[in-house]
Each structure stands twice: as C-alpha cells, then as structure tokens.
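**Q** Got a structure here, written out as structure tokens. Questions coming.
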Amino acid sequence: MEIGNTTTVTAFVLLGLSNNPRVQVVLFVLFLVIYLLILMENLLMLLVIRADSHLHTPMYFFLSHLSFLDAFYSSVIVPKLLENLLSKWKTISLPECFTQISLVIFSGATEACLLAVMAYDRFQAVCHPLLYVVAMDRKVCAGLVGASWVIGMGTGLVNTLLLAQQHFCGPSLIHSFVCELPPVLLLACSDSYISIASILTTMVILGIGTLALLLGSYTRIIRTALRINSAEGRSKIFSTCSSHALVVTIFYGSGVVRYMTPASGSVLEQVLTMQYSVVTPLLNPLIYSLKNQDVKAAVRRLLARKPRLT
C-alpha cells in the first residue's frame, strides 16, 4: 500500500527453509511427523497425569502445564511452517505476523518461568523433604503457575505492542520460517530503539533471572545429593538433574543467543529457532516424564483398566 510517497508494507514473505520443491516435500513430511509426535506425547502426558491419582502431586501438576504449553508452542509455529512448505506464495499478513510474534514470546517466557518453578519444586523436595508438603501446597503451586502464565502474557503483549508502533516500508522478506521479533525488527523503517531496549530488558530480567533460580536450585540439590550416603539415592538425583540440565541448556542456550544477538538471517539462527520451538517440545515429555518410572507405572495402570459397563 502506498500513501503519498511512502510505501507501507501490509504483508511479509517468509523465505522458509528451502526453495527446492523436492526438499520442501521431504521437510513437510518430516515436520508433520514431528508435530504429530509432539501432540501425541504431550497430550498423553496430560491424560495420564489427569487420570492417575498417584500423579496428583506438585511435580506432575507443573509437568501438566508444561505439556500443555509445549503442545501450544509447537502449534503456534509448525502449522504455518507446513502451510508454507506446500504453498507457492509464502506471505503472512502484518496482524497474523504480530500475533505469531506475541504468542512465541508468550510461550517462551512462560516456559522459562515454568522450568524455574519446576527446579524450585525439586529443590524443596530434595533439600527440605520434611517441609515439602507445607512449602508446596495447592495454593503455592497454583500461585506459581498462575504467575508464570501472567508474566508470559504480559511479556508477549508489551513487546508486540511496541513492535506494532513501528513503520514498515520494505523490503518485506523475512529470512526465517516463522515471524519472530529479531528478523522483523530488521525490516522496520522507523527508529526501533524502544523495541530493541524492551526485548533486551526482557531477556536480561526474565531470562537471566529464571536461569539464576534454576542454577541456584540445582546447585543446592547437587550439594545435598553429595551428602547422601546411599549410592542409589545419589544416582537417582544426579540422573534427574542431568536430564533437566539438557532441556534447560537447549532451551536457554538457543533462546538467549537468538534474541540477544543482532539478526542476520543466517542458517544458524534458523537452527536455534528450531531448537527451542520444535526440538524442546518434542524432548520435554521424553526427558521429564516418559523416562520417569512413576509415569510408566501410571501408563500401565491406565492401559490395564477394563472398560466399565454402564
């Protein structure tokens, strides 16, 4: 759209992962399978946790929210990716792009808070087992989860509203398969200082803040584990910590690098985006839940139930 001598962009073009039609078909099949696996794994976790009373504990309460968020997070990104892989015109309107940016930031911020909350829960369980029931009662758990969702919503809304104040006059090519804040800011014709300052402040306060809580919790857990005389007990704690550390490293490492460095449209940036938006939701159920003996036992009990006649 042209107003006077100024051209206003009304849509962006997502360049995606490849321009080769054959490669696009292979990628479509690959990401469709991954997306279905993500939905299946996370919905299975929600079903098992809800159906089995043995899993009605703070730890699995947090895991249920994480599973729902992972399914939602991937649904924000992968369906549009699949559509573009089969579409000749890979356009996305400004409102749709801003909505996707808001939901991506919201999902990432909420997940960062939930991971920190889960680390705090394990800290209380390992370091203060006698006070655990009191420290992590229903009100505390609901408050921590509610605060995580509210912080995520606020973070996504504020950063997207600031971005919407920018003027876009071309070019309209986004070197990515998803609308994200860094590459879209590159296309702004107006001064984007406020938006850049906002996202950097978000990353410093929220990203580093939750990471500090994570590292502090796991440091205390490891110190407590080293004082345990039982080799089996130490092994169980270290196994859990190492699994969680893998998810945290993938999520935080890729997310922080992606949002705290200038966008350039490189292949590395797309790999980083893929890690925290597709790989993490796929791995979370496997690492946090499906490897867990309690969850395996709950799945067996669920499958062993006989249908009741009404």
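Glycine too: its Cβ is placed from the backbone N, Cα and C atoms.
Pasting the feature list from TrEMBL:
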type: TRANSMEM; residues: 25-48; note: transmembrane segment
type: DOMAIN; residues: 41-288; note: domain 'G-protein coupled receptors family 1 profile'
type: TRANSMEM; residues: 60-78; note: transmembrane segment
type: TRANSMEM; residues: 98-120; note: transmembrane segment
type: TRANSMEM; residues: 140-164; note: transmembrane segment
type: TRANSMEM; residues: 193-216; note: transmembrane segment
type: TRANSMEM; residues: 237-260; note: transmembrane segment
type: TRANSMEM; residues: 272-290; note: transmembrane segment
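Can you tell me where each of these features sits in this structure?
**A** Same-chain residues lying 6 or more positions outside the transmembrane segment (25-48) and placing a CB less than 8 Å from one of its CB atoms are 17-18, 55, 63-64, 67-68, 70-71, 74-75, 78-79, 81-82, 85-86, 278, 281-282, 284-286, 289-290, 295, 298-299, 302.
Mean pLDDT for the domain 'G-protein coupled receptors family 1 profile' (41-288) in this predicted model: 85.
Non-local neighbours of the transmembrane segment (98-120) in the same chain are 59, 62-63, 65-66, 69-70, 72-73, 76-77, 80, 92, 144-145, 147-149, 151-153, 155-157, 159-160, 163-164, 178-181, 184, 202, 206-207, 210-211, 213-214, 217-218, 244, 247-248, 251-252, 255, 276-277, 280, 288; each lies 6+ residues outside the stretch with a CB under 8 Å from one of its CB atoms.
Listed as Cβ neighbours of the transmembrane segment (237-260) (distance under 8 Å, sequence separation of 6 or more from its ends, same chain) are residues 108, 111-112, 115, 118-119, 122, 126, 180-182, 199-200, 203, 207, 211, 214, 218, 221-222, 224-225, 228, 269, 271-273, 275-276, 279-280, 283-284, 287-288, 291.
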